[in-house]
Amino acid sequence: MDKRSPLGQFLEFLRDRGLSQNTVEAYRRDLEQFLEFAREALGRTDPLTYDRKEIRNYISALMSHGFRRKSVQRKLSALRRFYNFLQRRGLVEKNPATGIGPIRAEKILPQVIPEKKLQEMLDAWKPSSPLEKRDKAIIELLYSSGLRASEITGLKPDDIDLKAGEVRVIGKGNKERVLPLGSRAIDAMENYLAVREDLKPRTDYIFINKNGTKLGRRGLWLIIKRRFERLALLFNVHPHTLRHSFATHLLNRGADLRSIQELLGHSSIGTTQVYTHLSGEELKRIYRRTHPRATTSPEKSPGKW
């Protein structure tokens, strides 16, 4: 990409601000999609000439093609930031993405693995090969500390202290946090590290693939998908599912929302509040346990009005 182009300048600006490579790539994809739409619809290639009408038409096209509202809102936010950058640089007079109302996102609750099923699976799993020990260490660590995919694949030896039971990660916005490790995660990590050399590592990243190089995001996703297929859940499990499960199980057992926010590394507690929307089964369980007339009385005499 030409770094002198408006998009190239914007992406360079994001990198200079310290945004992660994954975030910059997400902006690039969303903005290139809009620019491609505008080129095909208008026959013009200069983003400095587009106005609010073009952006409205783009949003309508996304909705009509079945894009989820949350995705459309993200793309609109990317356009607002892009044109805000261009406006500040004096390249456009007005930001054409302002004044377009928010796309109300559907309230989709995070998918969570039932606690009992997850515990039974992990307790019954006795890995034998180095790759199996790696996989169990990954899953125990994701569930123990609620790490993001990029955080676990980016771990190096200095980031983890098994004796102290701590792991240090650099999260979104280059924010550092130190998280506790559960005893099961420590055991799984010790078992993996004892055989890691058998995989002939060619990098100092802790988690490596079968070729000895750093485990990537796609490799991590495939590990999680494969290991959880036998649970026969009604949804696909991915690394973030374990993060959701970590937070929800803590909340269900009485952890306060502020502590969960700190553990997850959320900058706003509003992001963490999604976990307060308990599942239907959890609500039924709480209702049966707490409502005075939720269960049948031992005395079943019909009585009279």
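Just so you know, glycine gets a Cβ as well, placed from its N, Cα and C.
Since this is a predicted model, take the numbers as computed values, not measurements.
Here is what TrEMBL says about this protein:
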- 1-87: domain 'Core-binding (CB)' (DOMAIN)
- 108-288: domain 'Tyr recombinase' (DOMAIN)
- R148: active site (ACT_SITE)
- K172: active site (ACT_SITE)
- H240: active site (ACT_SITE)
- R243: active site (ACT_SITE)
- H266: active site (ACT_SITE)
- Y275: active site, O-(3'-phospho-DNA)-tyrosine intermediate (ACT_SITE)
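Of R148, K172, H266, Y275, all annotated as active-site residues, the residue with the shortest Cα distance to R243 (active site) is R148. In terms of Cα distance, the active-site residues that sit within 10 Å of H240 (active site) are R148, chosen from R148, K172, H266, Y275.
Other Cβ atoms within 10 Å of the Cβ of R148 (active site) number 18 in total over all chains. In the structure shown, across all protein chains, R243 is the one of the active-site residues K172, H240, R243, H266 with the greatest number of other Cβ atoms within 10 Å. Counting only residues at least six positions away in the same chain, the Cβ atoms of P110, H244, A247, T248, L251, L257, I260 sit under 8 Å from the Cβ of Y275 (active site, O-(3'-phospho-DNA)-tyrosine intermediate). When the Cα atoms are compared, H266 (active site) and K172 (active site) turn out to be 9 Å apart.
According to DSSP, R148 (active site) is assigned to coil rather than to any helix or strand. Averaged over the domain 'Core-binding (CB)' (1-87), the predicted model reaches a pLDDT of 86. Counting residues of the domain 'Core-binding (CB)' (1-87) by DSSP class, helix then strand then coil, yields 68 helix, 0 strand, 19 coil.
Rounded to a whole number, the C-alpha distance linking K172 (active site) with R148 (active site) is 10 angstrom. K172 (active site) carries a helical DSSP state (H, G or I).
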